Amino acid sequence: MERYKALEQLLTELDDFLKVLDQENLSSAAVLKKSGLSELLRLYTKSSSSDEEYIYMNKVSVNGEQNSASPDKVPEEQGPLTNGEPSQHSSAPQKSLPDLPPPKMIPERKQPTVPKIESPEGYYEEAEPFDRSINEDGEAVSSSYESYDEDENSKGKAAPYQWPSPEASIELMRDARICAFLWRKKWLGQWAKQLCVIRDTRLLCYKSSKDHSPQLDVNLRGSSVVHKEKQVRKKGHKLKITPMNADVIVLGLQSKDQAEQWLRVIQEVSGLPSEGASEGNQYTPDAQRLNCQKPDIAEKYLSAAEYGITINGHPEIPETKDVKKKCSAGLKLSNLMNLGRKKSTSLEPPERSLETSSYLNVLVNSQWKSRWCFVRDSHLHFYQDRNRSKVAQQPLSLVGCDVLPDPSPDHLYSFRILHNGEELAKLEAKSSEEMGHWLGLLLSESGSKTDPEELTYDYVDAERVSCIVSAAKTSLLLMQRKFSEPNTYIDGLPSRDCQDDLYDDVEVSELIAVVEPAEEAAPAVDANSGSEPDRVYLDLTPVKSFLHSSSEAQAQASLPAVPHQDDVAETLTVDPKPGTTPEEPHTESPGDPEVQQRQPEVQESSEPIEPTPRITMVKLQAEQQRISFPANCPDTMASAPIAASPPVKEKLRVTSAEIKLGKNRTEAEVKRYTEEKERLERSKEEIRGHLAQLRREKRELKETLLRCTDKGVLAKLEQTLKKIDEECRMEESRRVDLELSIMEVKDNLKKAEAGPVTLGTTVDTTHLDNMSPRPQPKAATPNPPPDSTPVNSASVLKNRPLSVMVTGKGTVLQKAKEWEKKGAS
C-alpha cells in the first residue's frame, strides 16, 4: 500500500512540475520531452480510471451478508488492484482477472445534454465551440461540416494544453519552435481545432496530427500580432496575426500563459520588436498597413470586440446572448437581416461625400478610448458610437486652435489640438490617409492659415509623409469649396461704383435711337392739365468714355456745340404748354434755356432729399444723357415717347441691338473658357505623363537598391530616391490644384453657355413702366421729382433691386442646392 501511495504522490508531483514547466521558456527538445511526459501521464491516469471502473463493475462479494456497495460508497480514485488472496477487507475476486481491453483514447466528457424535442438539430448548434464574438452573428452561416471528425468535445478537465499524440508523425514536430492544438477561426466565423506548428519562420496548421500536408502555410516574417483577452467561457485568449501577403489569421488559446508564449515566439519569428503581452499593444509596420488595407476596410467601423481589444487596455465584457438563440437550429431571421445590412454597407461608395465624422482614438485620463468624432460649425463633437445617442464629452471649439502631428512608436498617427499652447485634446487615426484627412478638416474649421506642408512630421518614411500631406490638402480644399461654393444668385452682381466696366471688353454696337420726324411732332402739352410726365427710357448703349466724364462742366461745355436740330441724342420731359391736350407730348431740344436750367435743378434738389444709392444712379444716368453726337451721324436721332404711332419698330430695333450685345459677350466668354479648359487639360496630361515616368524610375531605383551591396553607391541611390520622392510630391500637388482649376473653368463655361441672363432669371414685365404716356395730374411743386430724369433702360434693368426679379427655374436650383447642403451636414 505504501508503494501505491508513493506512486500516487509521484504522479501528482509530476503533474504539478509539468504545469510549472508550461510557464517557462524551454528549448524545442525540452518542449518535446515535456509533451511526451504529459501525454504518458494523461494516458496512465485514463487507463487506471478505466481499470477501476471495469473491476468495480465485475467485483464479487466474499461474505454473503455483504451486498454490492453503491457507487456513492466507493471512492472515486483508487489505486490499481492486483490479484491476491481474498480477505475480509478486499473486494477483489479470488481468481485472476481476464485481460482487459486496451483503453480507448476518448477524453473525458461531461454528461451529454438531451436535445430538445422542438430542435432535433440542436446537437450541431452545440458543437464545440459555440460562442462567437458580438459582431459575428451575420457570419455564422455554415455548420462546420469539415470538423465533425475532429476532437471538439474536450473540456477543461484535461491538461491545459493538448499536445500532439504519440502516434503523430515526428516530422511535424522536428525543429519546431512551438506546437500545440489550437482553435483557428475560419472565414465564416467557424472555429476548427488544428495542430499549429511554428517551424523556422512559417506557421503550419494541420487538420490532425496524422496529416503530412498542412492546410495552412504562412510566412510570419514581417507580420504583426495582437493579443486579445475576453472574459468568456471558451477561447478567452485570441491572437490576431496579420501576415505581409496573406489574410488575417485568428488563433484561439486556452490560457494567458499559453497566449503569451505563442505571442513571444511569433514576435521573435516576425522580427518585430517585442511589445509585451499586454492587451491592446500592437506594432504594425506601414508597409503591412498598405498591403493589408483591403481586409481591414470592412472592419473599420465595426465594434472593436471583433478582432481587437478595447483601446484603453481593459478587456471587453461581451453582451449576454439569449439562451433560446443557442438551442435553436438553422440561421435566424436576425442573422439574415444583419448579413444583408453588412453587405449593403460594404457596397456603398467609400467617398460618397466629404466625410466629417469617423471613429478616432481619444486620449481620456491617460487612456485611449474609441470615440465617434464629428465636426460641425467649428466644433468637434465626441460621441460613444456613430448613432450619436450618447455624448462622450463636451464639444471642443476649434476657432483659433492649432493642430500639430505628435507621433510616437506606439501611436504612429496621433495628433494634438492646441489653443494658446495648451493641449485641448489628443487624437489618433487608424492610417496615414485618415490622419491627413482629419488634419485638413481641423485646419479648415479652426480658421488657421497653416499649410499642411508646413507642419512637422517626425516620420522617416517619405511616402507616409506624402500620403498625409496629400490627404490633408485634399480635405482642406474640399472644405473650402463646400463652404464657399459659388452662389449664382448673389455672386457676380455688378458693383454700383463701377457700372462702366460691365461691357468694356465687348464690341460696342451701333447706337440706335428711333424718333419721329420733327414735322410729325405734336404741339406742346397743356400746362393746366396737371399731368406728371412719365419716365423716358433712352436706348443708349453705355460706353466707357461716357461714364468717365468727371465733371458736369465738361458735359455742359459740349452742349453749345450741338445745333438745335431734331437729330440730337437726348430726350427730356418738358412742362406742358397751355392750350394742348394731355395726349400730345412735346419734344424740346436741349438747347432751350429752360431745359438746361431744369437739369441742374433736378440734380441739386434730389441729392439732399434722398441720399440713397438710387440718387447716385440717377445722377450718373443724368450725366450720361448729356452726350453730344455729331450732326452728320445718320443713326443718331432724338427719341420721344409718341402715343399716336405704334412703337413696334422701335422696340424691335432696340431688342436686336441688345441681343447682339449679349450674344457677342456670350461668344467671347465661351471662347475664352474653352481655350482655358483645353490648356488646363493639356497641362494635366503632361503632369500625368511626368508622374508615370517618375514612378517608373522610382520603382527601378528601388529594385537596384535591393540588389546593390556597395555602401557608396547605396548612399547615392538613396539620395536620388529622395529627390524623386520630392518631385512626385510636387507633381501630385500641382495635379490636385489643376483638377480644382479645371472644375472651376467647367462651371464658368456652363454659365457662359447658358446665356447673358444668369440661370434663367427673368424680369417681371409688370414692374416695368409702359412706353406709352398716361395722363396724370401735374405735381404741385415747381421742381419735378428725381424720377422724371431720363434714364437708360439697360442701366435700369441692371440696377433694378432683386425684389423685382421673378425666379423661375433658378428657385428649383437653389432649393436643390439647399437640400444637398442639408444632406451633406
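A Cβ is built for glycine as well, from the same backbone N, Cα and C atoms used for every other residue.
Among Tyr413, Tyr457, Tyr537, the residue that Swiss-Prot annotates as phosphotyrosine is Tyr413. In Swiss-Prot, the feature phosphoserine is assigned, of Ser154, Ser224, Ser431, Ser484, to Ser484; the remaining candidates carry no such note in the record. Swiss-Prot records phosphoserine for one of Ser119, Ser408, namely Ser408. The phosphothreonine entry in Swiss-Prot, when matched to the candidates Thr113, Thr320, Thr765, corresponds to Thr113.
Per Swiss-Prot, the residue annotated phosphotyrosine among Tyr56, Tyr459, Tyr503 is Tyr56. For the modified residues shown (Ser408, Tyr413), fewest C-beta neighbours within 10 angstroms: Ser408.
Tyr413 (phosphotyrosine) falls within neither a helix nor a strand when secondary structure is assigned with DSSP, and so counts as coil.
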